[in-house]
Amino acid sequence: MNGTEGINFYVPLSNKTGLVRSPFEYPQYYLADPWKFKVLSFYMFFLIAAGMPLNGLTLFVTFQHKKLRQPLNYILVNLAAANLVTVCCGFTVTFYASWYAYFVFGPIGCAIEGFFATIGGQVALWSLVVLAIERYIVICKPMGNFRFSATHAIMGIAFTWFMALACAGPPLFGWSRFIPEGMQCSCGPDYYTLNPDFHNESYVIYMFIVHFTVPMVVIFFSYGRLVCKVREAAAQQQESATTQKAEKEVTRMVILMVLGFLLAWTPYAATAIWIFTNRGAAFSVTFMTIPAFFSKSSSIYNPIIYVLLNKQFRNCMVTTICCGKNPFGDEDVSSSVSQSKTEVSSVSSSQVAPA
């Protein structure tokens, strides 16, 4: 084996030289130069400094402006809430571990960090599934003129958290475990060992099928059908030009959110699959460190995409930041809502094709 397995950890370095030390007790400077750990800590500080205000402001603006409290926006608020929890409860632990180059908080801290990182990623993924299904049902109309109500949105939110807990919870109760990965400063499920006490293999298979492959299939199927429907409607002029543009704008926003998720998480998933299918193979510590830390950037993608592409939300945010005034001359947000082609919530509650 080209790595060293210990109690609650696996270091991708053979201990023939006697250098390997527990990542819960000693700095891991034998794995990488000290400056590399500092780079990771500064990167985590950036994500915390950006993620807290972006997601916090998203929640605050939504609760402050009644016009934003529409069914489809519930799912987007759910994303922001999950990101904020992950930043506060997970990223802060990762930052501290990176600064000291080992998990100061021990196996419990590792489990906490791994749990919240998994929760954040899974809530984001299943929220995108809910949005994809909503887009498919409302635009493709397999159920007729469907109205996406508050009840549907709340059920969707409950579903995202149930599925996220179904993925992040088992390692806390003995089905697999969370262990340090890469440079031993962030934690994730155990893809590395075949420890029979934790049944890692069955958990990893379950996770990749139920919590990655299935949602990806649903998302791609929904948007594949959606794109065909939008093109068909445009060709036949079934809807007004305003409605068609609204459909395209809202759909573009959600598709960009999906692409942002894939950009952040696909490298990590691909690396984890390779490690899982090539247990014992040699790989450098940076091989898992880079995708593991890069995946955490997803916590700041969605608020940025939402602000850039949702005119109503953007106006409300500017008004909130500027204490009730919009210096860009678009102060009458309520009137702009009725005219905006990119506004998500009003489109989502209509009985026409856009959500």
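Just so it is clear, glycine is given a Cβ too, placed from its N, Cα and C backbone atoms.
For the topological domain 'Extracellular' (1-36), the predicted model reports an average pLDDT of 88. Residues or ranges marked as topological domain 'Extracellular' in Swiss-Prot: 1-36 (among others).
The Cβ of Asn2 (N-linked glycosylation site) lies under 8 Å from the Cβ of Pro12, Leu13, Ser14, Gly280, Ala281, Ala282, Phe283, each on the same chain and at least six residues away in sequence. Taken from Swiss-Prot, the feature N-linked glycosylation site covers Asn2 (among others).
The Cβ neighbour count for Asn15 (N-linked glycosylation site), using a 10 Å radius over every protein chain in view, is 14. What Swiss-Prot lists as N-linked glycosylation site is Asn15 (among others), and the listing cites sequence analysis.
Annotated topological domain 'Cytoplasmic' per Swiss-Prot: 62-73 (among others), in sequence order.
Within its own chain, the topological domain 'Extracellular' (99-113) is flanked in space by residues 8, 23-29, 34, 37-38, 41, 89-90, 93, 171-172, 177-180, 183-187, which lie at least six positions past its ends and keep a Cβ under 8 Å from the stretch. Taken from Swiss-Prot, the feature topological domain 'Extracellular' covers 99-113 (among others).
Summarising the annotation, Swiss-Prot assigns disulfide bond to Cys110-Cys187 and lists sequence analysis as the type of evidence. DSSP assigns Cys187 (disulfide bond) to a strand in the three-state reduction. Neighbour density for Cys187 (disulfide bond): within 10 A of its CB lie 33 other CB atoms from the protein chains shown.
Annotation source Swiss-Prot lists topological domain 'Cytoplasmic' at 134-152 (among others).
Residues annotated as topological domain 'Extracellular' in Swiss-Prot: 177-202 (among others).
Under the three-state DSSP scheme, Asn200 (N-linked glycosylation site) falls in the helix class. With a 10 A radius on its CB, Asn200 (N-linked glycosylation site) counts 23 other CB atoms from all the protein chains. The annotation N-linked glycosylation site is assigned in Swiss-Prot to Asn200 (among others) on the grounds of sequence analysis.
The feature topological domain 'Cytoplasmic' is assigned by Swiss-Prot to 231-252 (among others).
Within the chain carrying the topological domain 'Extracellular' (277-284), a Cβ under 8 angstroms from the stretch's Cβ atoms is held by residues 1-3, 12, 192-194, all 6 or more beyond its ends. The feature topological domain 'Extracellular' is assigned by Swiss-Prot to 277-284 (among others).
Annotation comment: Swiss-Prot describes Lys296 as N6-(retinylidene)lysine. Under the DSSP three-state reduction, Lys296 (N6-(retinylidene)lysine) is assigned to coil, being neither helix nor strand.
Marked as topological domain 'Cytoplasmic' by Swiss-Prot: 310-355 (among others).
What Swiss-Prot records for 333-355 is region 'Disordered'.
Per Swiss-Prot, the feature compositional bias 'Low complexity' maps to 334-355.
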Checklist entry - In the topological domain 'Extracellular' (277-284), how many residues does DSSP put in helix, strand and coil? => result 1 helix, 0 strand, 7 coil
Checklist entry - From the Cα of Cys187 (disulfide bond) across to the Cα of Asn200 (N-linked glycosylation site), what is the distance in angstrom? => result 15
Checklist entry - Say you check the Cα of Lys296 (N6-(retinylidene)lysine) against those of the recorded positions Asn15, Cys110, Cys187; which is nearest? => result Cys187
Checklist entry - Which residue counts does DSSP give the topological domain 'Extracellular' (1-36) for helix, strand and coil? => result 6 helix, 6 strand, 24 coil
Item to check | Other CB atoms, at most 10 A from the CB of Cys110 (disulfide bond) | outcome: 27
Item to check | All-chain count of other Cβ atoms within 10 Å of Lys296 (N6-(retinylidene)lysine) | outcome: 25
Checklist outcome for this item: DSSP composition of the topological domain 'Extracellular' (99-113), residue counts helix/strand/coil, works out to 10 helix, 0 strand, 5 coil
